[in-house]
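Per Swiss-Prot, the features are as follows:
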BINDING   His62, His91  heme b binding site
DOMAIN    1-145  domain 'Globin'
MOD_RES   Thr11  phosphothreonine
MOD_RES   Lys58  N6-acetyllysine
MOD_RES   Lys81  N6-acetyllysine
MOD_RES   Cys92  S-nitrosocysteine
Amino acid sequence: MLTSEEKAAVTGFWGKVKVDEVGAEALGRLLVVYPWTQRFFEHFGDLSSADAIMHNDKVKAHGKRVLDAFSDGLKHLDDLKGAFAKLSELHCDKLHVDPENFRLLGNVLVVVLARHFGKDFTPVLQADYQKVVTGVANALAHRYH
């Protein structure tokens, strides 16, 4: 999946990421841009507008939780399926999340990283992260197959 150089670039860069901010923004943007994903978060309260979503404390907290799991996954780039097995089971068997949503969130995360880091998020680094989010999405969807 990733070369040793790509792994080093991804994990090295991740140390600069403010997980709480990026996670909140990524999940918020997912819910705004793909409103059908809101059905999994109806218990989060007011999701009636983009502004309400982006300022919703439960969205922010869950976004951080999602990126905390992503951070843990970065420690296991050679075994993403193993690293995300329990989350895959939860999202498939209990929550019944459409696995396509994992791909969408990964793509949103890459956009948010680019927005936060500008030129420091180089095209090469973007390509590396795209590989990672694709791998994570596939790992999360593994239980569905």
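Note: Cβ is positioned from N, Cα and C throughout, glycine not excepted.
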Q | Of the modified residues listed as Thr11, Lys81, Cys92, the one whose CA lies nearest the CA of Lys58 (N6-acetyllysine) | A | Cys92
Q. At the Cα level, what's the spacing in Å between His62 (heme b binding site) and the residue listed as 'phosphothreonine', rounded?
A. 22
Q. Which numbers of helix, strand and coil residues does DSSP report for the domain 'Globin' (1-145)?
A. 116 helix, 0 strand, 29 coil
Q | Pairwise CA distance, Lys81 (N6-acetyllysine) versus the residue listed as 'phosphothreonine', rounded so that it is a whole Å | A | 18
Q: Taking only the Cα atoms, work out how far Thr11 (phosphothreonine) lies from Cys92 (S-nitrosocysteine), in Å, as a whole number.
A: 28
Q) Near the Cβ of Cys92 (S-nitrosocysteine), how many other Cβ atoms are there if near means within 10 Å? A) 17
